[in-house]
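The feature compositional bias 'Low complexity' is assigned by TrEMBL to 244-256, 263-278. The annotation region 'Disordered' is assigned in TrEMBL to 244-278. According to TrEMBL, the feature transmembrane segment maps to 20-41, 62-85, 105-124, 156-179, 185-211, 303-324, 344-364, 376-403, 423-444, 451-471, 491-514.
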Amino acid sequence: MPVAGAALQQQQPIHWLPVTWTVCLMTIALGITSFIAVNVPESYMDEPFHVPMAQLYCRGELLTWDAKITTFPGLYVIGAAYAWAAQLLLCWTGADLDVTCSGPFLRSVNALLAVATIQVAYAVSMQLRQQRSSSSSSSSSSSSSSSSSRGQQVHLGAAAVALVVGLLPTQLFFAFLFYTDVPSLLFVLLTELLLLRRSTYAAAAAGAAAIGMRQTNAVWVTFLTGAAMLREVLPQPAAAAAAAPASTAPSGSGTASKERQQQRQQQPAKQQKQQQQRGGVLGMLAELQAVLRSAWDRRAALLQAYCLLLVLPVAFVAFVVWNGGITLGDKEAHAPVLHLMQPLYFALFCLAAAGPLLLQPAVLARVRSALSAAPLLCMLCAVCACAAAVVCVQRFSLVHPYLLADNRHYTFYLWRKLFARSGVLRLAAVPAYVAGWGLLLAALAAGGEHWLWRAAFACCCWLSLAPAWLLEFRYFTTAFALAVLHMPVPPVRLSLLVVAGYCCVNAATLWVFARRPYTWGDGSLARFMW
């Protein structure tokens with residue numbers, strides 16, 4: 001283990017933190033679930049499709065399928081397993097499967113998984129922090145007291161970031177309904193955590209579960225696999241390479257194997273130094289060539305380590321070809337389109353949901369550094385981005401019929417009150433779109449992510465969002481969570497400020513949902529939701 005990483009692990013952890021906040025979060029989550037169950041006992045919105053399917057799975061009727069359901073049956077497998085386990089645990093109370101597989105009871109599985117999501121996000125944040133510390137210089141020394149204080153800040157910072165991820169209003173809202181959102185994000189983050197810990201076979205299982213919850217997760221599982229492979233082929237920093245233990249060499253290797261390992265580490269480092277001297281686009285192309293060459297040289301080891309993960313996107317593409325589309329059912333209403341405004345809406349969403357994190361000192365320092373290093377290039381990129389955004393606004397502002405007709409969603413009012421009023425208002429948001437993407441990419445750069453990682457992340461955002469015709473904020477959750485985790489760890493107070501804002505929004509939206517129903521046009525009871 002690198003010296004810096006070992007030092008981070010040796011820092012005194014806050015032993016009370018995981019237990020205390022787990023108990024608190026589970027108590028709050030189950031309390032809100034009970035509040036929702038009392039006030040909204042009936043299945044709502046998509047639940048009339050999801051709950052009956054889960055109940056069929058509870059009875060073992062696995063071959064029955066509702067043609068209106070668009071996703072894979074992962075949610076129903078989890079729901080049925082949860083109902084069977086709960087029935088066994090609660091058999092002494094007389095609870096049967098009709099109780100544990102009822103709609104209100106099935107909702108509680110998402111509440112528990114929401115707590116697990118926060119825990120996994122915390123573990124991912126800690127793992128990323130450890131890797132960043134491992135790649136930095138380990139020559140500096142500090143006293144035990146300052147090391148302990150720094151360790152506490154690391155754990156508190158990771159916990160605060162995990163709360164930002166888990167309490168995002170468009171995510172937490174669906175923790176109290178039987179929807180796919182919570183388990184979908186959980187398994188994506190679990191896939192990344194296992195890849196960071198180099199447990200590739202377990203990561204493949206988590207990735208398959210993530211795709212089983214939502215088809216677009218195939219994009220993110222592929223991205224996370226590529227990111228893990230990129231970490232394998234990128235040149236190691238000198239400090240980390242020098243501190244790498246001899247046990248990482250292949251078994252049975254001698255002096256010749258160690259020399260070859262040193263050559264593999266030194267050759268990409270020399271190439272990186274040469275491309276940095278050349279700089280600019282030519283330097284990036286040279287580095288890309290070096291990365292591809294390194295990947296080709298190590299193709300056998302990479303295929304052996306990541307074969308199961310690489311099977312997942314191949315299998316998904318085969319499914320899409322066989323199925324004739326991405327969704328299982330209701331293909332007409334969810335046909336893929338070219339909705340290039342979706343990634344721009346995502347940038348606006350990031351500004352609104354994580355503005356303080358995008359404006360933290362580390363990100364602004366990165367922006368200033370880029371502007372001072374190449375002001376003309378930055379200005380040219382901004383002008384081109386604005387021009388492209390204008391084209392997207394004019395040509396690709398698609399409006400789904402559901403967005404115009406369903407006034408139960410907040411997006412209905414956002415579109416009607418702002419974007420639908422005039423084209424001038426839509427064009428006025430172009431600087432915000434560009435600024436959102438610029439700050440987001442700067443934050444990822446400040447977080448230490450390689451430019452290839454950032455480019456792949458942006459491409460996956462476009463690939464996962466652009467085919468969606470309907471504008472729903474919950475489609476942005478996975479990309480947002482990954483971005484937040486890979487930003488620089490902000491000061492704890494800043495993260496808690498964001499969390500406090502989230503708590504206010506969550507309290508308001510859940511209270512309105514539960515306590516302020518209204519009569520819809522067809523006479524049914526309607527409720528406001530994301």
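The backbone N, Cα and C atoms fix where each Cβ goes, and this holds for glycine too.
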Tertiary contacts of the transmembrane segment (376-403) (same chain, 6+ residues out, Cβ under 8 Å): 333, 337-341, 344, 370, 409, 411-412, 415, 419-420, 423, 426-427, 429-431, 433-434, 437-438, 469-471
Which of 156-179, 303-324, 423-444 shares the most C-beta pairs under 8 angstroms with the transmembrane segment (451-471)? 423-444
Residues outside the transmembrane segment (423-444) whose C-beta sits under 8 Å from one of its C-beta atoms, at least 6 past its ends, are 343-344, 346-348, 350-351, 357-360, 363, 366-367, 370, 382, 385-386, 389-390, 393-394, 397, 453-454, 457-458, 483, 486-488
With a Cβ cut-off under 8 Å, give me the same-chain residues at least six positions beyond the ends of the transmembrane segment (344-364) that come close to it. 164, 168-170, 389, 392-393, 429, 432-437, 439-440, 442-443, 446, 461, 465, 471, 473, 476, 479-480, 483-484, 487-488, 490-491, 494-495, 497-498
